[in-house]
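Feature annotations, courtesy of TrEMBL:
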ACT_SITE  Lys76  active site, charge relay system
ACT_SITE  Ser171  active site, charge relay system
ACT_SITE  Ser195  active site, acyl-ester intermediate
DOMAIN    27-145  domain 'Amidase'
DOMAIN    166-487  domain 'Amidase'
REGION    147-166  region 'Disordered'
Amino acid sequence: KMGKTLQGVSVALKQGQVTPTELCQRCLSLIKKTKFLNAYITVSEEVALKQAEEAEKRYKKGHSLGDLDGIPIAVKDNFSTSGIETTCASNMLKGYVPPYNATVVQKLLDQGALLMGKTNLDEFAMGSGSTDGIFGPVKNPWSYSKQYREKRKQNSHSENEDSNWLITGGSSGGSAAAVSAFTCFAALGSDTGGSTRNPAAHCGVVGLKPSYGLVSRHGLIPLVNSMDVPGILTRCVDDAATVLGILAGHDSKDSTTIQDPVRPFTLPSLTDVSKLCIGIPKEYLTPELSSEVHSLWSKAANLFESEGAKVIEVSLPHTSYSIVCYHVLCTSEVASNMARFDGLEYGHRCDSNVSTEAMYAATRREGFNDVVRGRILSGNFFLLKENYENYFVKAQKVRRLIANDFVNVFNSGVDVLLTPTTLSEAVPYTEFIKEDNRTRSAQDDIFTQAVNMAGLPAVSVPMALSTQGLPIGLQFIGRAFCDQQLLTVAKWFEKQVQFPVIQLQELMDDCSSVFENEKLASVSLK
């Protein structure tokens, strides 16, 4: 198994079983083979190979920088990367090259990580499918897995595979697909209402949304300042903890980061869960929840109970208001944040020179898609002087009630909450685009967005494959800044369920040579 996880490959690098350059070339080769997934917007091949060369020198001297040295990673294209185009999958920023790195990117590079490229997303991270960016939709690697294809044959579906590919979920779908397809060992996403956890669930990977304030947002192009958090996507819980340990900490460039978090985030192996209390929020049993997700959720609760944990039903009474509350707050902050894209200082500028006003309007009309423009319009409506008290202020009060629901549950002795991450498994693209973006986001983020409003840590862990052969993830929610406890529970759960490795051999048949020459063939492509 050593070739599959970040920790495993880190050991292989330290023992000299593989060099950083070989690892980098292997991932670049896989990125090319899986290009049709559209997971990457930019592949930074030269940068990565140069970083690999530096890492190699360090390993030869026995001076490795740590667990991330020489490890391929990917970064969502709404994080600023110095000298590398950062587009937010929008015409507004096409061709924009930032002069600095986001703090989280810098921290990864300082540890010797290899930046493979920038990953695809919904435009400005607004969406839950990774289908709405200007570079086109991301395809879920599980669409091409042996597990899904065999189930489709059994259910005698027409082999019209090309039109039946599945979405990755969003908005960090490129990062989730990149990790799922083995093109990197960890990826950064962002999470404003579920944008890291949702695609993680659909792509069978681990998606962590850290506590608000634990990880710097500096250089993450803002969507909703009060809810955005950089997210982490990996193939196992331990790897997410490793990356969090590197990213967590105060940043003078982000005043919302807390002074000194508990580090590092190495996870103890939990053997006894009998002291744990797991809460099951009764409001999360919604009519839209698919029966399959529901039954796995119950099964997970029973698993904890059978191992001695206390499992209790809890109430988060204001859950039903969270969608409308989130919509008001999210669009209001978006409207404010998007005002900076005026065609003057960076990004797209239209050709019109009739007047400054006309230039602003035309620039924004050409630069933003319908979804972004729609949210700007909604937000500005809620912020109008005559509406401010009735909408924005009221939503802030409801947000406080939602946050207090969680505080009350955790104060009653509950350690972590166990919920679904998504309503169902990944759906085919053709199904997904029948609904408009706003309806979809409201439905898809129903279990995830309250966590952002409350600033809590949460992680989606893949549990099992559906009857269709597709991944289903469950979400664990922890107390604020108890990210380590949350991940420790998630790690125990991961070990119990033994989620299967994606089998992509059809996809990889023509590239078996990449994995031939030595022990890293253990990427379970068997």
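Using the three backbone atoms N, Cα and C, a Cβ is placed for every residue, glycine included.
Here the features listed in TrEMBL are painted onto the structure.
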| residue | record | CB count, 10 Å |
| --- | --- | --- |
| Lys76 | active site, charge relay system | 32 |
| Ser171 | active site, charge relay system | 37 |
| Ser195 | active site, acyl-ester intermediate | 38 |
Can you grab the distance from Lys76 (active site, charge relay system) over to Ser195 (active site, acyl-ester intermediate)? Cα atoms, rounded to a whole Å.
-> 11
Whole-number Å value for how far Ser171 (active site, charge relay system) lies from Ser195 (active site, acyl-ester intermediate) (Cα to Cα) | 5
